[in-house]
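Asks: My questions all concern the structure below.
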Amino acid sequence: MKIGVYPGSFDPVTNGHLDIIERASKIFDKLIVAVLVNPNKTPVFDIDERVELLKETTEHLPNVEVKAFKGLLIDFMKQENAKVIVKGLRAVSDFEYEFQMALLNKKLEPSIETIFMMTNSKYSYLSSSMVKEVARFGGCIEDLVPEKIAKKVMKKLNKKYAEMEENK
């Protein structure tokens, strides 16, 4: 069985992430979306919320699993018996960092491969940070995040939106 792992913070998941997940799910028998617990970051959505948002977003993909992990990605890969890391690239600027990480992972575990997938060009500008910024100021994020989770993301990120929803 070919198992791939697509790791990330996904705070929150964007349409760019979903684009990579859907395309990578066609390559592997099983794709694990690995949600990182990063002690150096303070996410807006806690780990359980991020896992749940991703499960909702990917429920139409039967070979996709969503799991949280902390520590080294290589250790998670071994635990899951996976051999391929999937990394999404928006622009050339993403490549340098991701290339260094791929080399480090290869050094730590020579049997692990990394594949790079370019996101659809219509999402090349998109990041979770940008989604959070737009939502905080009440902007429309419906084209930025999966439709199923847009209201939840807005509710969490925009107090005004949350108050309007509660008063309905």
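Note: Cβ is positioned from N, Cα and C throughout, glycine not excepted.
What Swiss-Prot shows for this protein is this:
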BINDING   SER9, PHE10, HIS17, GLY88, LEU89, ARG90, GLU98, TYR123, SER124, TYR125, LEU126, SER127, SER128, SER129  ATP binding site
BINDING   SER9, LYS41, LEU73, LYS87  substrate binding site
SITE      HIS17  site 'Transition state stabilizer'
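Map the listed features onto the structure and describe their local environment.
Replies: Around HIS17 (ATP binding site), the same-chain residues six or more apart in sequence whose CB sits under 8 Å from its CB are GLY8, PHE10, GLY88, listed in sequence order.
Secondary structure at LYS41 (substrate binding site), taken from DSSP and collapsed to helix, strand or coil, is coil.
DSSP assigns HIS17 (ATP binding site) to a helical segment in the three-state reduction.
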Asks: Can you give me the Cα-Cα distance between LEU126 (ATP binding site) and LEU73 (substrate binding site) in Å, rounded to a whole number?
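Replies: Their Cα atoms are separated by 24 Å.
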Asks: What residue among the binding-site residues LYS41, LYS87 has the most other CB atoms lying within 10 A of its CB?
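Replies: The residue with the most neighbouring Cβ atoms within 10 Å is LYS87.
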Asks: With the ATP site defined by the record as SER9, PHE10, HIS17, GLY88, LEU89, ARG90, GLU98, TYR123, SER124, TYR125, LEU126, SER127, SER128, SER129, how many Å span the farthest pair of C-alpha atoms?
Replies: 18
